[in-house]
Amino acid sequence: MPGLVSVKTPPEAPPLRIMVPQDSNGQTRPVPERSEPGSVKTNTPAQRRPPSPSPSTSRAKPSPDRSSGKKKSPPEKTVIDETSLDNPDLGPFLLKLARDTIASGEGPTKALDYALRAAKSFEKCAVGGEPSLDLAMSLHVVAAIYCSLGKFEEAIPVLERAIRVPEASRGADHSLAAFSGYMQLGDTHSMLGQLDRSIDCYKEGLKIQMEALGETDPRVAETCRYLAEAYVQAMQFDEAENLCKKTLEIHRVHSPPASLEEAADRRLMALICEAKGDYEAALEHLVLASMAMIANGQENEVAAIDVSIGNIYLSLSRFDEAVFSYQKALTVFKSSKGDNHPLVASVFVRLADLYYKTGKLRESRSYCENALRIYGKPVPGTTAEEIASGMTEVSAIYELFNEPEEALKLLQKAMKLLEDKPGQQSTIAGIEARMGVMLYMIGRYEEARSSFESAVVKLRGSGERKSAFFGVVLNQMGLACVQLFRIDEAAELFEEAREILEQEVGPCHQDTLGVYSNLAATYDAMGRVDDAIEILEYVLKLREEKLGTANPDFDDEKKRLAELLKEAGRSRNKKAKSLENLIDPNAKRTRKETSKKWSPFGFRS
């Protein structure tokens with residue numbers, strides 16, 4: 001039985017080759033490369049940093065490998081009669097031509113022509129409508145070549161057709177073809193930033209693999225981890241945690257103690273626990289992973305884990321232990337990679353953040369400058385994604401220094417590095433959102449609104465339109481609209497943000513409460529005083545019953561409500577209505593209503 005495995009590209013590997021399987025039982029799956037994001041590379045794609053307002057996840061554009069030594073002689077030009085495509089010997093011949101053309105470095109365009117004609121030949125030669133695995137294989141190759149050309153949209157329908165060819169019920173070969181097709185389709189959607197569709201494809205591929213191999217096969221564990229990484233990228237941490245637990249259970253049975261597989265699982269689990277705020281559990285997983293790496297002599301991987309351990313200590317305000325972990329990693333990276341390697345710069349950024357939080361601003365600024373010096377003159381082999389990620393992190397520290405102009409320059413440089421890279425829509429959207437905040441802070445409201453708008457468009461297209469981060473970006477864009485006196489647009493943005501944040505983090509979260517306050521102020525400015533009163537009564541009721549009244553916002557909101565009630569000639573209704581039917585985006589707004597004076601109370605970012 002052929003193994004149903006998801007072939008991973010190691011982080012240190014050269015760019016993806018377009019691989020053509022030798023036969024229908026081949027293990028090679030031609031898929032776009034999933035490059036390793038984050039500040040520290042590991043030997044597995046499991047080590048992704050948790051998404052943040054400036055996501056740092058990335059995928060590199062695949063391209064044929066043209067850098068390995070002397071080029072092979074191109075195949076002799078062959079004239080092929082299109083009318084002979086019904087010859088059963090022609091499909092394999094064309095597929096071999098495609099493979100030889102790619103290997104010779106002659107370029108993917110001619111290889112694409114051969115692969116397309118091979119697919120036509122296999123389709124014509126199908127016997128009695130029987131599913132042809134050769135056809136599925138040739139379609140996979142066509143899609144891989146499209147991806148190498150950056151034509152991901154054209155690869156999608158090809159792969160959708162390919163997954164309809166095999167029938168998993170017909171045996172292992174068909175299961176392999178179906179599994180490979182779904183995983184390749186998922187990778188291609190991911191390259192386009194379509195995380196929801198990508199995850200759906202991975203789930204379907206995992207289902208087929210489990211039916212073919214059973215739920216405890218080690219190859220199933222690899223696919224579970226692959227899907228868990230995608231869930232982390234989409235900030236769906238509960239789903240990621242369940243899959244990671246399953247992966248740990250499978251490796252506990254099939255792998256020796258302290259194996260590299262278990263270490264990779266624990267690093268991913270630590271990432272998930274950190275994202276969920278369970279720092280002690282994350283620390284435990286990282287320590288166990290470090291012990292496994294030490295046992296296997298993986299010095300650089302131990303250093304990478306030390307950086308992650310330092311991050312946990314920093315989150316727990318255990319600063320001395322964090323410094324010790326960072327310095328251990330820094331020593332290893334300098335000795336093994338050199339003083340100017342981006343891994344060294346990434347530790348400098350972590351130390352800069354730590355020293356800022358401990359009030360040592362001079363040391364913090366010095367580490368920022370050292371990191372930027374490395375990013376300004378990167379060593380050969382440094383990717384644009386690594387530099388952009390580092391600059392984004394340094395910009396956050398300059399923002400803390402209250403230097404928004406300098407932070408903005410770094411964000412602009414980071415975005416320029418990524419703008420031509422496929423699969424970077426979510427990352428660019430996060431950078432644009434941060435740029436919007438910087439522009440808002442320095443009073444450039446029109447530019448801020450445009451930056452937020454661009455981020456919103458990208459996030460809608462990438463499947464993050466239901467995330468809490470998306471709700472926060474909508475709120476920020478609404479604030480920019482308020483400054484530009486676009487009151488109707490601001491109200492619509494606050495309404496959508498409220499709906500998303502209520503669903504994702506609940507009504508009692510500070511982000512949701514801030515949107516409530518902004519929406520109430522907007523309704524007051526539009527003349528919808530009753531709606532503003534209802535929202536504020538609802539917020540005060542939440543604070544009194546669930547959050548307590550010690551928060552200074554409580555007195556502010558109570559004062560605001562009193563002013564509105566006085567204006568409306570009413571007294572406070574202690575039994576606030578639910579917001580379920582309160583916000584009506586289709587409410588009629590007259591010109592007189594929208595020209596009302598602005599609310600006397602402020603907005604909250």
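Yeah, the Cβs are placed from backbone N, Cα and C, and that goes for glycine too.
Per TrEMBL, the feature compositional bias 'Basic and acidic residues' maps to 62-80.
Annotated region 'Disordered' per TrEMBL: 1-85 (among others), in sequence order.
What TrEMBL records for 568-605 (among others) is region 'Disordered'.
Residues annotated as repeat 'TPR' in TrEMBL: 136-169 (among others). If you average pLDDT over the repeat 'TPR' (136-169) in this model, you get 89.
Residues or ranges marked as repeat 'TPR' by TrEMBL: 303-336 (among others).
Annotated repeat 'TPR' per TrEMBL: 513-546 (among others), in sequence order.
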Summary of DSSP states over the repeat 'TPR' (513-546), given as helix, strand and coil counts:
31 helix, 0 strand, 3 coil
Summary of DSSP states over the repeat 'TPR' (136-169), given as helix, strand and coil counts:
26 helix, 0 strand, 8 coil
